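Inspection log for the structure reproduced underneath, given as structure tokens.
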Amino acid sequence: MAPAATATAQKPEEAPSKTIPIKESLAVQNPQLQEEELPKVLTGHKEPLKPSGALDKYEHFDSTPIIGREFPSLDIKELLRAPNSDDLIRDLAITISQRGVVFFRKQDNIDNDLQKELVQRLGELSGKPATSKLHIHPVNNAARGNDKDDEISVISSANAKKLSLYKYLNYNKKQTQRTQWHSDITFEPVPSDYALLRLTQLPKTGGDTLWASGYEVYDRISKPLQKFLETLTATYAQPGFKQAADNNGFKLFSSERGAPENVGEILEAIHPVIRTNPVTGWKSVFAFGHHVEKINGLSEDESKHFLDWFVQLVLENHDLQVRHRWQNVNDVAIWDNRSVYHAATPDYLEGDYGERSGSRSVSLGERPYLDPQSLSRREALRAQALAQETGA
């Protein structure tokens, strides 16, 4: 009969013990491992603004339930010169921030100076920093257009063709236009609050612009994932502009571009993935479109997954979009870049449909931040409806 295992087992030699301090232990196990210090999410708080009702008398209708409003007969110059102009423009700013984008038809009384005045006052009367003025685009400034005004971004299909800015759209195989979607100049340390586009030349057909609600994208994300995304920042960059400048023999505008923080030829900034609009107090997904390079702290695959997924949420949910047809010369759209994205439709570029051009004025706002106590759009509207029901 074989002896029991316990009888034949030999007692192992006692290994000499050594107490290793925690720091030394980590260093021995991972001599090259150092935790990357991630950028912190900038936080802040501002009380949301409430409209006075000064704008209510003007005819208007909502373009869709979620996004867009049109004032079919309002004259913008009338707002600028009215006795209660500040109240009207402040209410217009609140309306734009709540509805995302607002449309006006055939504003033949407006020129570049008046549209610049309007978009700057929209920001000022809704509380933007005193140092934030009108943006000077690093490429589409006076040097690229016929005007001698750096605060007017010349939107021109003819210029874009010359600068090869359309080459990434791959017109030979029109399988997707997802790369068109963006918010303006998010690569700046101080990006835009409001932007105004007035088209001065229309193609025979085509050239529509689409806007989508960043508020609604946020609302369609599950709560646990919302909370995770709120902890993250992203790197926003646009190296394509530098490449276009180098390829065409000119320099980017590197002096102060409307705010002391916006200088230099490196078009890159770090902002939150989720930001709070200070006018409404609503959260939205900000890391969206072709000015976003990566989500910081995630792997390349993880970052790409989320950035692609944000765009996919817009592409697969047309109820959070509005598509605007430009009908007349001097039609105007004004939108809040903090909470909406937009995409032009380059369907007119092939064929004999003519060119599309316009004047864009872009106001600069505040450094993007997240208010941890802020609500989503749907949460805020539910709370507002409940307060009205209860008389609170």
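Glycine is treated like the rest: Cβ placed from N, Cα and C.
Looking at 112-131, 312-331, 352-371, the range tied to region 'Disordered' in TrEMBL is 352-371. The region 'Disordered' (352-371): residue composition by secondary structure is 0 helix, 9 strand, 11 coil, according to DSSP. When pLDDT values are averaged over the domain 'TauD/TfdA-like' (62-351), the model yields 93.
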